[in-house]
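Structure record follows, encoded as C-alpha cells.
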C-alpha cells in the first residue's frame, strides 16, 4: 500500500509538470504571433515591391469573346479532347507596371513581348534577317541545332529562323508592271480579315497580323478577327490577349470547342461586320496593294469569290518564292487540290496579266467573298470534320449554285507551306470522310471515279454513310446544277476516264530504280519519285498524273494509249 501511494504521488507531479510546460508553450506562441503581426503590419505600410511581382493580366472583355460553339465533330462521333488546364509555370505572366523591378523569370515561364519589342524584330530596320524575302540560313550546332529540329517537329517549319525575322519584314515586289497603272474605285466595300489559328507559332501568327495591318488601307480594313480554335500552347493564352489589346482594329475570339478549319472560319464570319470576308491562314505575308484588287472584283460582282496569286514561303529558310502567272486552282479525281499553270491564258496578250481569271477551285490560303453571299450559299459545310478538303467543297458549291471563282493577278499574298502537318487528329481518316461527304453531295454518278481512285474512301463508305440531308435540301433550295455541268462548263480539262474494262495504277519501267515512266515516240521521260505525289501540269505539254509522268504533245492520244495498252501494277478500276 505504501509503494502504491508513493507511485500515485509521482504520477501527479509529472502530470502537473506537463501541464505547466503546455501552458508555457501556448503563452509563448500567442506572444510570438502578436509580435509578428505588428511587424507585418509595419512592413506592409512601408512603400516597396509587392510580395509577388508577377501577376496574371485579365483578358480585355471587349477584345476577347469566349464563344460557346456547337462542335460538328462531336455530332459526327469524333471524340475531341476538352481543353486541358495549364500548370502554373505554363501560364503567361507580365511584370507589374507599378514602377517595381520584375523578379527573375522562373524556369518554364514566358516573357510577354509587347508590339514593337519582340527581340528587336518587330521594329522595322532593326533586324535584317530575311529582308526582301531573302533566305535565312543559320548553321547552328549543338544544343541550338537540337532546338531547331524540335521546332520543326513541333510546327512543321523552322520556327527558330522565323523568330529572327521581323514581324514587319519587307517583301520583294513581284506584281506585274501593268498592275501599277490600275485604278480602283474610291467606294470599295469594307473588309473583315478572319485569321483562324490552332497552336500556331508566335512569330508566324503575329507576322500575319502585322502584315495585314501594314499593307491594307485603313479606309477599307474594317477589322482583323483572330479566331482561336481551342489552342493549347501557353503563348496563345493570356499573353496573346495582352498583345492584341495594344493593336487597333484587332479582335480576339476564342472558341471553347475544337471547330476545325471550316467551322472556325464560319464562327469568325458570324462575328464579322465588314461587307467582304477575307479568310486568311495564320502563316501568311501580304504584298503592298493586295487588298484593293480583291475588293474591286467582289464589288463588281457580289457572287464572285476571289483569291490572290499565292506565293510560297519556304518552310526551312523563309525565302519568298514568287508564283509565275498565269495559275489557277484545280483538283483531281482523288479530290486533292493543287495550283497549275492556266493553259487558257498562256501566250496571250500581256494585258491579260492584270485581268482576273476564272479558276475551277481556290485554295484555302486566302479567299475573299461577299459576306451576304457567303451566308446565302451556306457558309462552310458544318458537317465537314476538323480539317481537309473544305475549300474543294466550297469551290464546287459556289460554281454549282450561281457563283464563280477567280484568281486576281494584281493581288499577291505569300503562304508558308509546312514541311508536315503538326496536328494530331482523333481520327486519322478525317480527310477521307470529308471527301466522301463531298462526293455524296456534289459528284452524282461521277463519284464512282473518286472511289476507284481512293480505295480507302471506298472501304470506309462501305461501312458508314454521312448524314447529308440538310445539305441536299440546301442544294435543292439554291437550284444548284449537277456535276456534269461543272465538268463540261467550268472544268472541261479534267479528263474523265473511259468506262471500260481496265486496270489503273502506276506505270513504270521495272529495270530503272528511279521508276522512270515508259517512253514513247510522242513523250519524253520524266523521273517520278515512288512516294511523292506528282501533280498534273499543262505547261509545255507536260502531263503529270501522280506517279505517271510524261512530256506529251498529244494528250488525248496518250491517255487513250494508257487505257488500252498498259499493264499496270495497281488496283482494279
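Each residue, glycine too, has its Cβ placed from N, Cα and C.
Marked as signal peptide by TrEMBL: 1-30. Residues or ranges marked as region 'Disordered' in TrEMBL: 40-60, 99-129. Taken from TrEMBL, the feature domain 'Glycosyltransferase 2-like' covers 192-333. Residues or ranges marked as domain 'Galactosyltransferase C-terminal' in TrEMBL: 359-417.
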Segment-level pLDDT (mean, integer) for the domain 'Glycosyltransferase 2-like' (192-333): 95
The domain 'Glycosyltransferase 2-like' (192-333) - residue tally per DSSP class, helix then strand then coil: 46 helix, 45 strand, 51 coil
The domain 'Galactosyltransferase C-terminal' (359-417): DSSP-derived helix, strand, coil residue counts: 17 helix, 19 strand, 23 coil
